[in-house]
Every structure is written in structure tokens, then in C-alpha cells.
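Feature annotations, courtesy of Swiss-Prot:
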| type | residues | note |
| --- | --- | --- |
| REGION | 174-195 | region 'Required for interaction with gpa2' |
| REPEAT | 430-450 | repeat 'LRR 1' |
| REPEAT | 477-498 | repeat 'LRR 3' |
| REPEAT | 503-524 | repeat 'LRR 4' |
| REPEAT | 526-547 | repeat 'LRR 5' |
| REPEAT | 707-729 | repeat 'LRR 12' |
| REPEAT | 753-774 | repeat 'LRR 14' |
| REPEAT | 878-899 | repeat 'LRR 19' |
| BINDING | D1337, D1380 | Mn(2+) binding site |
| BINDING | D1337, D1380 | Mg(2+) binding site |
Amino acid sequence: MDQSKRLLKSAVPNPPEHFKTGISWLDDLDEKDDDSATSVNYDIPEITEANLCNDSHEALSPCTQPVGNSGRPVEAFKTYPSTPAVPSKSVLFHFYEPDENFSLSDTGRTKSDTALAARESSEKSEVPRDTRSAGIKPYKENNSSNCAISKEAGLRRLIDKDRESFDKNLNQSFTNLTFPEPISDDSDSVEFQRDSLNNNWPASLEGSIHELPRNSDDDGIPASAAHILDLDYHRDSYDSPWKKFLPYPSILSDDSWKAPESWGTSLPTEAIPKQVFTTRFFARPSLGNRKKEFFLRVYRDDRTSVSFICPIGIQTHEVIKLLARLFFLPSSANFYLLLIQFNTERILLPHEQPCIIFERLLSLFGCKVTSDEEINEEDNYSVARLVFTTMDIGADVLRKFSEKKITANLDISRSNLEVIPVKIYPYAHELISLNVSHNLSLDLPLDFMERCVKLKRLDISNNLRSPRGKPITALRQLEVLNMSRNDIYELDPLIFSGLSRNSLKELNIANNKLFFLPHSTRYLVNLTYLDLSYNNFVTFPLIITELSQLETLNFSHNLLSQISSKIGSLVKLKHLYLQFNDLSNRLPQEIGLLKNLETIDLSYNAITNIASLSECPKLNSINVACNLLSFYEYSNPSATFIDFSFCPLTTIDPAFSYSNLVYFDISHAKLIGLKDSVIETLVNVETVKVNYNHFTSISDAISAMQNLKYLSCTNCEMSYVSPNLGKLKHLVHLDLHANNIKIFPEEVWQVSSLKVVNLSSNILEKIKLPVATSKKLTRTISQLKIMRTLSGNPVSSLSSQEFVMPTVEELYLVDNRLGNDCFTALEYFKCLKVLNLSYNYLTEIPSKFFQNFSDLKHLFVSGNELANLSISSTAQVLLETLYANGNRLSSFPKNEALSKSLRFLDISTNNLQNLAVEKAEKKSLTKLPQLEYLNLSGNTWFRFSEHEDTNFTKSYLKNLKFLSIMDLNTKFSNAPSDVLNHFIQRNSPQPNILRYGVCGYLSRSIPVISACELVVNNFLHPQSSLYCVLDSDISAGKNNRVLKFVYDNLASCLAHEINAADSSSEQICNALRRGFLRLNKKLGNVIHYDLRKSSEGDVDSNYVTTMNISEKGYSMDSSCLDIGVSIILVYVRDTRAFVANVGTSMAIMSTRNDSEPTTLSVMHDVYNRDEIRRIVDSCGFISGEIKSTTTRAIGRLSQFPGVQAVPYVNVQYLSELNEFIILANQEFWSVLSKRTVIDVVRANRHSPLLASTKLRDYAIAYGAEKNVLVVIVELNGLFEENSLNFNQLRGDEKTLAISEKNDNMSFVQDLPDDSSLARMNREVSPPKGCIAMVFTDIKNSTLLWERHPIAMRSAIKTHNTIMRRQLRATGGYEVKTEGDAFMVCFQTVPAALLWCFSVQLQLLSADWPNEIVESVQGRLVLGSKNEVLYRGLSVRIGVNYGVTVSELDPITRRMDYYGPVVNRTSRVVSVADGGQIAVSAEVVSVLNQLDSETMSSEKTNVNEMEVRALKQIGYIIHNLGEFKLKGLDTTEMISLVYPVQLQGRLERLIKSRSLGTPTALPETQTYTPVRSRSNSLRPMLARLSDSKSVHGEEGGSGKRSVSSLRNVSPSESTGGYEGCIFDDQQYQLLYELCERLEDHAAILHGFPEPPPCDTGLAAPVNQAEEYSLFYRLTLRIENTIYCVSQMLGHTG
């Protein structure tokens, strides 16, 4: 019989004294709290009925009692099981959309879970009231006996029965409700009105009862009704048509009571949809294409998983239902779906779409959403995972709180909270600081916040959800509010309109997505600190200008284009941060009204004028680095910190002094010097950096800087240092490397405080010391000047007792011109701890030299001509570091003290035969007990003794961490490298056509392996190689397990993806990207595995199999989540180089006849604007234990999605012109410029190992402190037909290098007085005979000198550097210069034109001063395709060819040229305009004959390379006609030659001359550039021959001819195509073969390049497509052959 449920009153108003809930951990918590005198006992409701729940089916919390508006708690109630009643059609259990602020109850379960547990327990027949402590029983034990109706059909049949009986019984049940007495500590509560609940109380709950419309459809079943009738309440609950009806008047209603927000409930009127402030993907993702299928994988608590395909728009409750059926569960009501990312987790709301959320996370990880393979692959455990669970989320948290003492400063961050724990409530009124950050599902309830009456600091950052304003407004004393990194698009206006608006002082809303601020921001009248960094502000919010008390404003990393003129109203502003915006032009004048401004940061903008800052009297810190300032003529007398670095400054002339300045940085500017008047005002400055300027000298006025401690003036072309530098008594660090200093004043050595001096890469020949008086008193500076003038005696001839002992501890003299006499002066440096004399001209070290240095710990003498180290066996030498590579050592010094103290030893590239460190060679290696770094590479005669174990690193050198044995002709153990313990650097045992060199530096301060290389020859293919540099951000004392993992698994992950792709360039690039992502996922799985294993012990095999990891453990801990690895790799395959990188490692490539390298990678750091915007858009962050600026890396998983592993990938098509590729880590590139790197490698191109070692040594000399690693890959071996020629050239270069060292003194005399040019290739001998003469001139130079004299001084230096560097690279001879004009000559016309083309192209990209670029003569001019045509100085060039008369100039000692050819060349250049290259008829004739047989027979190897390089660039010849040149009797035919990249200049010229001129224009010849690919077809033919042979169709008798397919008529195939002639890879090979044929013809015969085609080629899907494809390929080949035949004169 039908009967309604009975709701009876509780017999006892309060629970018994020893009441038990049946939940073990909760009962234990209550027992521990009994002894606490301050705790508040909350009543536990006896039974919570299932229908008494909110609109989200979240039951009332069993740990708190509902408190009405009157302040009294509501009594608990209980139900007894009975036959369920059937609702009538006039009644609707209305179900609202779930609240987005989904939360858990205080027990950790959802409220619906508690209600379900109570209902299941109550359905047992005749259960006594006090047996509730027995716990929750499984539903399946009594589901068959207690459920009256279990199917929808039954519900529809019974829905019309006993409607009136149901209403009557139900109303009677609610009438009998009573409630216990209140237990509340709320002082503001009022007397509770009991009569207000009569017959109306259930209406206050969001599962309230409403009338059902008569015409309603019966197909949709109300969720509340389904819940009461024991049906699955998830069915159609969120897509049901019932939702569209508005609330009807409830049967029972009471407006006097409202449930607290900590219950997660709300009134029905509040359930009406309204404006929502939530995050992008934690609110309601768009449905998208619901029909699209998505592969979803869900885990269970036991770590097993299930995978299935579902629609991408499926909602959470639907997934739960599906999982319940898959796991054969009777009900899904007690289950949740957790989204877990590392240590954070969140319960997905019923209406959310897990697939869309998961797809979004995968896209942030780097997967392509359009690729089903990447999105649907199973191995996504490390990105995020979904867990189907019933476990109590809050249980572990509350257990911790039971053991933790709650203080006034409470930190519950990273606790995965759903609600505020109950234990905190009694202490709420005592809290002063509350940190609830990193809790993704936590929403602060209003009732709890109302209790926090003393709260002053609230941190709700990193919760990835927009906070509601109402709870925050209840905080009356809130002073500090942190809402950073919450993915906020728009702030709730209520946040700033409540009680806290008057007390709030600090507000942090950084790292969100805000475009504007709400109008209520103006109410924050006492706000002093506002952080709006890392947002999307485009305009300056005017509301901020109304915050009159503001002292600190951070607007960095936004998109501001200008600053409001009303900013002057912020009269109390002290700190203003505006870096990394889009500010341009001048600052508003109103900034000068900020009289209290102390700090301003405007770096990384485009500001041109900061004159308004001079009006700020208290401004002490100014940072305008990386702007467009060209002059600064203002003053800030109170300034103590000024940073003008990376600004094109040409003038600094302040109106007032900088007497308070302490830090001054003007590096990377365009300054030619500082005025003495400016220097004299810097009386208190302590740090000065003027690197990368055009300083020629250090002025005598520097003596005014009496407090100077640090001076850095590097890469300035400086040749003179003032002796007054010796007057700086507080100078500690002096860095003058990479200049042209020939004489260093001896007065500097008498500065007693001087500790570090770096004079590397200068042209020093001697070291002079100051001379002391007989009374051992230092002479004055003036006396030293007189002595230096009157006496010409060298230092060695004076008495040793007259010299001052310098106090320098670190002395760097690398890359100078010092001889053996330098040791005489160095003997007086008794305090030396570091001495670096590498790359000088030393042949012998005095035998007694080491006896005087008791403190010397680190000695570097690499790159000299030392035959021995002259260390006696009895000398007490306690060196820790000894670098003696690149010498002629045949034996190691046998010194017992030395062998015991050595930690870092590099004796590579010598003539060593063994490593005997004592007289008895037996077990000699045991005498190196402290050795950590050993480099033996390049000792081709080295042999291990017979008694030495091949595995000696474990037997003898137990502390050894790094061993390099490259190019050793000896057998060695094949034990693999262990990055954690012993890393072995060796050549690959597999043969390879590419030579490479590797060298590394193990930091003395942090001797931990943080960088290593990975080289795999014959990687996947015989003609393929893989070269990688791995660099990690490891701190001291930590073993880099992440680096070891990447080293072990990188190659396998790449191989897995490349094998699955075809050979097209696009597919390989995509495979490299997928390989990086695969490696990062695998790393995450391993870290999870090791963390779980360390916390739980052994992990079952199912878990290992599920995450697809090997059983090899790396013992990773939680710190590994903050460690990342930067990778730069080059994958050379046939004649293509695929480059991929993440992080800050970088690669460059050198090309013959080009002085500038090509950058192959992208730096992923916080200085990259694109990376900053990506981080802001993904709501990521860059922080953590490892303070790194890297934005992409393998690892650093704790900072996802701010840090991702998506690489930058590109492909370079190689040719014979490409010389080498250089890969190195960040520390290497931070101290060495690209130009220096290219110059050093080119000078040592005969040996990549020697070049890499020299680069390592230069990095040490220039200031590298961390680990350094560099890899050089030589590319010449790719082209077999020219390998002999290249080997011969390398042999000649090596012979030349050896002869130069043998006759080093004469070689030194021939070097120029420019250290940068001296590093490059030696200047060619003066050309003779028929030569190409070139004249250059700068257009409008006189006018520019008149208008911008200071800027022109800097511009001329830039111009001269480009000219001279390109001359060395191309092989030209500089005859002389006259003003700004150059006269140079070349042996061949192609070399001359190569130089002209390169110069014109480099002038466009040069770093000119702003005054030049903004002038009319040097302004930017763009072409029709938006390409740069003119920018900066415009240079005209004239070229002529013929026989000249040469004679050596006795004054300059350079060859000079005379004769008619020279005169005609000077006239030809006058015909050209700025940016034009005018050539004579002789030059055009030579160009036309380049392909003739006569010219080909006369070509040399070098000439052939020049011709190929010229045709690769491409050029255009435009005939101007005949000209009568000044001083010449006959007319001259003049033509213009342009590189193809500057074709727009010719178009502009033709267009300007054709206006108003109908006459025909002269003829133009075009030589289009060919693609930069191999001219050799051998690699392609080899690849094609290695593929499987062509087969015929199934059932065919034989192979088909490709050419025969032309005459076959294509026909459409109706059925599926079962097979092709070739597979995908072979089709791609054929496609590339056609391209190589066309390139080959174009290079040899100058034929124009064919139209560009698709990058990839897949196999045809039917026979018609196959025939069409072969027809196109065959036609292209025949067209190429026909064109070549026509050009060669063949017909027929």
C-alpha cells in the first residue's frame, strides 16, 4: 500500500554525551577535542533526510546545525523507512542548476553523499533511533525489499495514483517537526522564532516542492522525485526540460531562516541565473561539438583505470553514471569525479564537462587539439588525471589539524580543501592572518568570514577561481588581500563595496586576465599598495588616480600603450613599476607632479623621452633599460640607482650633478665616451658598467670617483687607460676584457683594495709594475709618470726590491701577446689565488715560479707552447685547478703535493702518453684522490698502462665526476655514462661522416654535473646524427636526477615518434615536437611513481604498467618537480638539419663568406614578450624553489602551465656553404657574443675539438661561473664530392696554424691592433694581376656630420666594423680608407660582389643610433611587400675589374694600387646612389661568363665556392646605359647589381624614373636564388636505393616503369585502393629527388627556381591519384632536362 514517508520529531533535543557518528576518524577527532576548553561542541544531526538537500543534491552538513535568522539552530530530524509515496502531477520537486561554488561538507564528503548514507541507513526496517553509530550499510543489502518502484515505467503508472493522499500525509509530516535547543557562540544571534517554521520550513531548502504545470511533459523526471523514489538522480537532471520553469510558490515557506554558506546551500530565489564571476575552465565550458568523440581515461582508488570513448560534451554526472555501469555498481550517488594535477585536486561539478576541461589542459601542455592522436593517447597521467572515488577528501586534512595547533597566523594552503575545516571555526574570531591559497575547490563561506572579526591578512591566491565579493565584504579589519593567479577576467564589484573597503591597505591582483577594474575600486580610500602586474590592461584605469593614499603601483607585464595624464593626482605615490608594457614616445609631463616618487621602473618599453622625471625631487631609483632613449640631458640629484642599459644613448649631459649616485649602468649603448664634467659629479658611485659602447679611452677625470668599487668596461674598442685609475683607493673589481689595450698603467697595481683584474682579449705585450722608493714607500702618480718618461729601462732591469707587491687575488690575462718575460713581473703577485695566462705566447715557465705562490689554487695556461710545467717534485704546490690543454706536454709533473690537492685537471690536446704522477708508475692513478674533473681528449698517443684497470674510475678515481676521453686511440671501458656519478665524454663508437668537438667546464663553486651532451651517430638512418646539449637549473648539493632521466630517455622518445612519421620535413618537425612532449609526460610518470613508492613502499606492477614506466627507478623526490632541463638539439638527416629547443640553450650556424652567424633557436625566458603573454593567457607563473627565468623546459612540472615543454622547431636545408653548427648552454651564451664564437671557431676550423676547448676557455676568462658546455658540429662531410677539397683546405689551415705558432713573434707583429680582428682569419695577401677593385662612400655623410655629429661618431664605428669583418670573412684586402670611404680589392669578381651584397644586407639590420634612423637621410623605407629597403646609413658602391699597378706604401706598410682601373672605379661609384652597387661593363662580362667552359676550367676550389654562394644569394643586373665619366675620354657602360632580397630597390628606382617618362626602360637580367640545399644528388639516391624495391600490383607479372605512366589514362577508382607502387616514404623520396634535380640544374646553370610546392607528399589513395602524381613528377624532371639542354645549346 502507498504510504508517505514519516518525518518524526526527535525525542532528545541534544545528542547523548558519548554520541558516536559511525565515522571513525570523525569520532576520534571529537574525542581529542573533549579536553579542549576553548572548543565549541556542535550538535550532530541524527539523520539527514535525502530530500532535505540543496539544489545540487548536497545534503546538510552533519557537523554543524542550521542557524536561522533569529540565531537559534534548527533541530535535527529523523525519518523511518516506509513504502515510498508517489507524488501527484500537481507537485514538482524543482531542481535548479547547481551552484558553481561547489563545496564539501565539514566531514570531507559532499552533502549529497551524507544524505545518501543517511537514507540508506534509514531504509532498514524498524531500526532503533540510537543505532545510528553502526555506520552506513551497503545499499545492495536491502535495495530489493525497500524500493517500491525501481523503473521509470512504474513511476509513470503510479504518478497519477493517490495524489491527494500524498499531499495530505506529507504536509502532516512537516507539521510535526521540532528542533533542539540552540548551541551557538554567535554573539550577534537573536531569539529564534519557533512558530516561523510551522508548515513552511522545507521551502527554505533548495530542493523545495513546487506545483507542476498541468500541461507538463512526463518524459522528464524531476531529480528530487527520482531521489526519493530510489532512482538514479543523475538521469536527465541537468538537461531536463524541468529546469526551464521558474519557481512556483512552495507548499511550505519561511523567509526568516537561511542556511549558512558553509553548508553550500542557498535560497531558491538566489538560484535564479544571474551574473557569474568565475574562471574560464572551472565554470561552464562551452559545449563545443558534442558529437566529437573523446578518449577518456579514468582511474580508481586502487590505481586501476578504465578507458572509453565518449562525446566530448559529456557532463560529469553522465560520466559518473557510465562509470557506475562499467564497474557494475548498484548506484552512482556516492561517487565523485576528481580532477588531480600533481598535489592539487578538485571535485568536478555535475554540470561541468570533463572532456573539454581535459582537452584544454592537454593543449596547455603542448598537445595539438586538432590531432586526435595527441589528445586521445593514454599516457596523460602526468598532465592530469580523473579519479572515480568515494573517499573522504577532507579526512587527511582534518587529521592533520587534530595534531596541529591553530595559531593566529593560520596557513592551510595546498590542502585540497573543499570547505573550511570544522576545527577552525572556534578559533575564527582569533585569526589575524589566513592563507588558503592553492585550494582549487575552496570557496570561503559567508558565515565563517563573519566570525573572522580580527582578520587582517587574507591570501586566496592560486585557487584558479574568481572570489565572491560577499564573504570578503564581511571582513571589517582586512588590511591585506592577495587574489593573484586566480584566472579572473572581471572582479566582483562587491569585493570593494563592503565593510573592508575602509581598512584595506594592500591589494594583489597580479597574474590574472583583467582588462579593467570595477567602479567600486574608488572606495578603497586607504589603499597604499596595488599590484596589477601580469594582466591584460590596455589602457590606464582612471579609477586608480582617485586612490589618493596609494604609495606602490605595479603595472608591469601588461599592454599599456600610454600613461594617463591624471597620474599626477597620486601625490603620495612612492614606487611605480611599468616594465614590459607597450609605452612609447615621451612620458607625460604630469609624472613630474609625483613629488614623493622614489622608484620607477620603465624597462622594456619604447620610451624616447623621460624629461618629466627630472621634476621628481625624491626619485632615487631609475630603471629605463631596453628603451629607445637617445639622449639624457636632465638630472635627478637624489638618484642612487640608474640603469640605462640597452638604450641607444649617444649623449649624457645632465644639468646637475649625480652626487648621490651609487649604481650606474649604461651598457650596450652608443656612447663614444662620457664628458669629464659628468664623471666629476659621480663622487659617490660604487658600481659603473659601460660595456659594449664605443669608448676609446678611460678619461683622467675618473679619479673623481673616489668610492668606486666595481668598474666594467668590456667590448668597447678601448685603447687607452688613464693612470689616474690608480687613485681609486676603494676599487675592488676591474674588468676591461675584449678591448685594444696595449699598455696597462702600472699605477693601477698599487691600489691596495684591488682583488680582481680581468684584462683578457687585449693586445698586452708586457706587464709593468710600480716602483717603490728605497724606504719601501710607494711613489706618487706624478713621480711614476716622470720615471716612465725619462727611463726607458724595462722592468726586468730594475732591482727587485724596488717593486710594490700587488694585492690582486684573481688575475685574468687570456688572449694577449705576452711572452716568457711576463713571469718576472708576475713573481711579485704574492696574493694570487687565480691566475689565467691561456692563449698567449709562453714557451716555458720558470722552475722557481711556483715556489713563491703559497695561496695559488687555480692555474690556467691553456693554448700556449709549453713543453713542460717545470714543477719540481719537492715544491709545495697546492693547486686545485690546473688547465694546461692545447700545449706540447709529453709528461705530467711528478709532484706528490700537487697530485693530492688537484680537483680539476685538463691536459687535453697535448702529447701525453700516460698519466704518471709519481716516479713509480705503478698505480699512479691512486695519487689523485680528490680529482673530480679529468680531460684527456686529443692526446692521440695516450695509452693506459697494462696494470691499470679499464674501469679505473671506480677503482682509483672514486671522486671523479667528469671524464673526457675524446679522440683517444686506446681501448676503454664501454660502461655507460652516469650523469649522477661519473659522466664520460667520448666519441661514439659508430663511424660518422660528420666530425664534432665537445668540451665542458665543471664549476669550481658548484661541482655538480648540470650540463651534458648527447651524441648519437647513425640515429635511425645511416646518414643521420643527433647532437644535443642538456642544461639543468640545479642548485648546490643536489644530484640532478631529472637531468639523468632526460639523458637516458631523450633518444628513445624521439626515435619512437620519428619512426612513426614519414621522411617529409613537416612530419619530422612534428615528430620532434611530439618527442619532447612524450619525454615530459614520461618524466611526470616517473616522479609520481617514485613519490608514491617512497610514501607507500612497494607499488604494484599494475601501477607501473598503467603509467608506462620502466622499473628502473631514479629515486626522485618532491624537489624534482621544481627542476627543469633546457635542451637544444640538432638532428642532421641527409642534407637537412632539424633544430629543436626548449629553454635557454641556443644554437647558431656559420656560413662561408658571411661574417654574421644564423641563429637557429629561440630563447624561452621571461624576457621574451611572446612567452610572457603565453604565461598570462594560460594563468601560469614562473617561481618556485629554483629561481630560474626559463619559461620552457623538460620538467618543472610544479609550474605547469607556466612552464611547458613545447619546443621551437625549424629545418635548415644545408649546402656546401654551411660550415658548422655550434650548440651551447645558457651560461656560455651569457658571457660570449655570437661574433666572438664564430671568429674563434673559424680560426680553428681544422679541429672541432680544439675549437670547442678554446671556446670553453674563453667563457671561463670572460666570467663564467656555472657549468659550461659547447658542441661544434662540422658540416663539410655531408657533401662527398667536395670532401677531398675540404680536407685539403683543412690540412692547409692546420699547417698554417702550426707555422704561425712556430714563428710566433713575427706573427704577433703582423697582427692588427684590434683584438676582435686578430681573432678572425688572417688577412689575405694583396691581390695581384687582374683584380676586382671596389670603392664605397656614404651618401649624405657631410650633412649627417653637421646635424648629428655625436651620433655619427657611433654610426661610423658600426659602419667600419661591418666593412672590416665582412672583408675577413670574404677574403678581401683593405687598401686604405679616406674619411668614411673604403678602397678594397678582391682577386675575383664573385668575391667582390659577395662582399658588396653582404655589406648592403647587414647595413639594414645594424644597430644604428636613433638620431640616424629618425633622420630623413636614414629613415626606414619599406617595399611593396613590407620588406626593409633602406634603414640607417646608405652606402654607394662601385666595382670595376682589370689589371692594376701595385706598390707597397713605406709609411703604412700596406699595398697601394694605381692605374686606369683604379681611376675608373672611383668614377663608377659616383654614378651609384645610396644603397646601389654600380658595376662596369667588365664586371658584367665576367658575370655572363661564369658558366662557360673556359671559366669552369679556370675555377679553383675557392672560386667555385664563391660562384655557388653568389648564385645561392641570387642577383639582378639592371643596365643603366652609357655615361660620360669625369676625366675619361670614352663613355662607360654602367649597370646596377642588386641581391634578390633587395629587388624592391630596383622596383622603386624603375617606378620613380617611369613617372612622366614614356620611353622604354633599359633591359634587366635576373638571376633568381636557388634553394639552400645540397647540390649533390648522392644522398637522395642513396636513400632511394636503401628503400625497398618497387613492386607491382598484386597479381601483376612485373614492375612498372615510371615513365610509362605518362600515357596511361587516369580513371577514377570506385573501390578502395589496396596498394601503391611505393609506400609513403618512397613517395617522399621521389618528391625530394625532383626538387634536388631542379636545384642542381639551377646552381650549375643559373636557371630560375620552379614555383614552390607542398612540403609533404603522402601516398595516393586510389589509382587515379597515383597516375596523376607520377605524371606531375615525370613532367617536372623532363622540363628540367629540357631547360638545361636549351641553356647548353643542345637542340632536338
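Cβ atoms are placed via backbone N, Cα and C, with glycine included.
The C-beta environment of D1337 (Mn(2+) binding site), restricted to residues of the same chain at least 6 apart in sequence and closer than 8 Å, consists of D1380, A1381, V1435, R1436, V1469. When Cβ-Cβ distances below 8 Å are used as the criterion, the repeat 'LRR 3' (477-498) is approached by residues 277, 279-282, 437, 453-470, 504-521, 523-524, 531, 1179, 1181 of the same chain, each at least six residues removed from its ends.
Helix, strand and coil content of the repeat 'LRR 14' (753-774), in residues and according to DSSP, is 0 helix, 5 strand, 17 coil.
Every protein chain considered, the tally of other Cβ atoms within 10 Å of the Cβ of D1380 (Mn(2+) binding site) stands at 20. For the repeat 'LRR 5' (526-547), DSSP puts the residue distribution at 5 helix, 3 strand, 14 coil. Confidence for the repeat 'LRR 14' (753-774), expressed as mean pLDDT, is 87. DSSP places the residues of the repeat 'LRR 12' (707-729) in helix, strand and coil in these numbers: 5 helix, 5 strand, 13 coil.
D1380 (Mn(2+) binding site) falls within neither a helix nor a strand when secondary structure is assigned with DSSP, and so counts as coil. When DSSP labels each residue, the repeat 'LRR 3' (477-498) comes out as 4 helix, 3 strand, 15 coil, counted as helix, strand and coil in that order.
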